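Participant: Pulled from TrEMBL, these are the listed features:
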BINDING   Lys242  ATP binding site
DOMAIN    6-305  domain 'Glutamyl/glutaminyl-tRNA synthetase class Ib catalytic'
DOMAIN    328-450  domain 'Aminoacyl-tRNA synthetase class I anticodon-binding'
MOTIF     13-23  motif ''HIGH' region'
MOTIF     239-243  motif ''KMSKS' region'
Amino acid sequence: MNKSSQIKVRVAPSPTGLLHVGTAQSAVFNYLFARKNGGEFHVRIEDTDEERSTKEFEKDILAGFEWLGIRPDGQIRRSSDNKQNYRKFLEQLLESGHAFWCGHSKEELEDENKRQIENKEAPRHVCGHRDEERKEGQVIRLKTDSSSTREIVFNDLIRGEVRFRESLLGDISIARNLDSPLYHFAVVIDDIELGATHILRGEDHISNTPKHILIYEALGRPAPTYAHLPLLLAPDRSKLSKRHGIVSLNEYKKDYLSDAVLNYLAAISHSYDKDVLSSEELIEGFDISKVHKSGAVFDIKKLNWLNSQYVKMLTPDELRAATKISEIPDAAVALITERLEKLSEAGEYDYLWREPEYDKSLLIWKDSSVDAVLKSLKETKELIESFNYEDGKERFRKVLDSLSEKTGDRGLVYWPLRVALSGKQKSPDPVDIAFVIGKEKTLERIDSALRK
């Protein structure tokens, strides 16, 4: 695709809930597409549902985009600012005869829908009251031709040529009244007002696209180019939802670096040449033709691994800021970042900067006696007291190994030392811990264990 400053894309979340990771992914693809092609990326808040839309949800959505680093061009747009245009274009369609007031009641429509389902027909409504005078409670519908043999065809940038039969669509509901547009109409008018050239949205919208194309035609406007993105899926390959666990982007902030999440959302449904990419590399390598057609299973293990790769790159100050733990000493950073998958797990290494608490029974190695453990700890302490830390870890480990050979049980040496230094059954190598906390604290902790 040739680069063009005329390209305009948008993401249009509804502020009726917290930012879903699927919506975040859609925003990421729109952002990458715009940046790769020298175009503009816009955010429009679809707040036409006044009862359910809240400023709190809007703030969460915008904060999520900011956290990911996908910043829009220009001001944030809101559908609620476009009400005058909705009315103007609705009146235009009514006057031109492309739209009409539908006189069928809700009950009649429900009965019709039920019959169609029973007869295994495509649900649709073709109104027989198009020319009647307007009555209270009627909705506005866009006329379609139920007898037409025409196919509505569009070239999807991801899926290729897509076809829908106009006769199967039925007359399309576009507004409750002149001041209350419905989704299909509002989204088209909003995109006209924006000047959107390309619409990248989830594949669950693909059946909406022919309806939107008909609205563009009725208004005498060219339709944008469409690309329907694959959905994020749960392990059972159903659409990712709350019943599958955490789906709000906000919930990932405490555990993951924003760069890792951006990388993951971009790469899970797009073919890149490597796994770990900077935002610049994500943009440079983005190609709409490399976006997958089928949905991708949201793999938390892959996200954990990817996050661990970014954690390894953190400086001491960055690690402290990311984990919100200011006490982490510089000496502990390498030990933590080599093992950390989730930021919230950093607190599990607090023994590297504070005295551990544990039950004395944890010091006992398997079936060893208390006396054997105490003897091992005392001998370990004596070796450390005479050991010069400048000789390094490998020399330190050899000294401990020689003691292990003497006792005939490696675990009897290393297990009590591990517990004395960390207070845990599982930890990094006690030799690594000893070199992080230093000789003085190592001896203090062994003394503390001996006193238990």
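The backbone N, Cα and C atoms fix where each Cβ goes, and this holds for glycine too.
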Participant: At a C-beta cut-off of under 8 Å, are there same-chain residues at least 6 beyond the motif ''HIGH' region' (13-23) that contact it? List them, or none.
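Facilitator: Cβ under 8 Å, 6 or more out: 43, 45-47, 49, 52-55, 57-58, 60-61, 64-65, 202, 231-232, 239-240, 247-250, 252, 265, 298.
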Participant: How many neighbouring Cβ atoms, not counting its own, are there within 10 Å of the Cβ of Lys242 (ATP binding site)?
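Facilitator: So the Cβ neighbour count for Lys242 (ATP binding site) comes to 10.
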Participant: Please work out the mean pLDDT for the residues of the domain 'Aminoacyl-tRNA synthetase class I anticodon-binding' (328-450).
Facilitator: 96
